[in-house]
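J.: The following block contains the structure, expressed as structure tokens.
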Amino acid sequence: MCDAFVGTWKLVSSENFDDYMKEVGVGFATRKVAGMAKPTLIISVNGDVVTIKSESTFKNTEISFKLGQEFDEVTPDDRKVKSTINLDGGALVQVQNWDGKSTTIKRKLVDDKLVLECVMNGVTATRVYERA
């Protein structure tokens, strides 16, 4: 199911992330620090529970979830959201909902790279990770 995503991934490129964070409502100072961070993602699967750890100089976060089951998440910019992650066409598609707002984060494998597409209100950021 999600085994292809398992491993350690390092950020190698980021496009339009500041504009995306601005659309989400992240403040200026947090956007600047987060934009400079080069996170490492560690993805693991234990039974039907998927864990995604993000480690960076900005903040370390960890989410554990079962596909299709809503869970509470505190995002790196301290938003308290309700998240649901599904496997759709080989991609992990996460929807975060908070305060009447919604954003989608799609994680997919392209040429052995992990590509994140973050979308809110038509603003898209693309972040590419390679296996560490």
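Every residue, even glycine, has its Cβ placed from backbone N, Cα and C.
Annotated fatty acid binding site per Swiss-Prot: Arg127, Val128, Tyr129, in sequence order, evidence recorded as similarity to another entry. Look at Swiss-Prot and you will find Cys2 tagged as N-acetylcysteine, backed by similarity to another entry. The phosphoserine annotation in Swiss-Prot covers Ser13 and rests on similarity to another entry. Here Swiss-Prot flags Tyr20 as phosphotyrosine. The motif 'Nuclear localization signal' annotation in Swiss-Prot covers 22-32 and is backed by similarity to another entry.
Describe the structural context of these features.
T.: Reduced to three states, the DSSP call for Arg127 (fatty acid binding site) is strand.
When other Cβ atoms within 10 Å of the Cβ of Cys2 (N-acetylcysteine) are tallied across all protein chains shown, the result is 17.
All protein chains included, Ser13 (phosphoserine) registers 11 other Cβ atoms within 10 Å of its own Cβ.
Listed in sequence order, the residues of the same chain lying 6 or more apart from Tyr20 (phosphotyrosine) and placing their CB within less than 8 Å of its CB are Cys118, Val119, Met120, Val123, Thr124, Ala125.
Summarised as a single figure, the pLDDT of the motif 'Nuclear localization signal' (22-32) averages 94.
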J.: Starting from the Cβ of Arg127 (fatty acid binding site), draw a 10 Å sphere and report how many other Cβ atoms land inside it.
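T.: There are 21 such Cβ atoms around Arg127 (fatty acid binding site).
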J.: Roughly how many angstrom lie between the C-alpha atoms of Tyr129 (fatty acid binding site) and Ser13 (phosphoserine)?
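T.: Approximately 7 Å lies between the Cα of Tyr129 (fatty acid binding site) and that of Ser13 (phosphoserine).
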J.: Between Val128 (fatty acid binding site) and Ser13 (phosphoserine), what is the CA-CA distance rounded to a whole number of Å?
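T.: Counting only the Cα atoms, the answer is 5 Å.
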J.: Note the Cβ centroid of Arg127, Val128, Tyr129, the recorded fatty acid site, then list each other residue of that chain whose Cβ lies within 8 Å of it, in sequence.
T.: Trp9, Leu11, Val12, Ser13, Ser14, Lys113, Leu114, Val115, Leu116, Thr126, Glu130
J.: Could you state the whole-number distance in Å separating the C-alpha atoms of Ser13 (phosphoserine) and Arg127 (fatty acid binding site)?
T.: 6
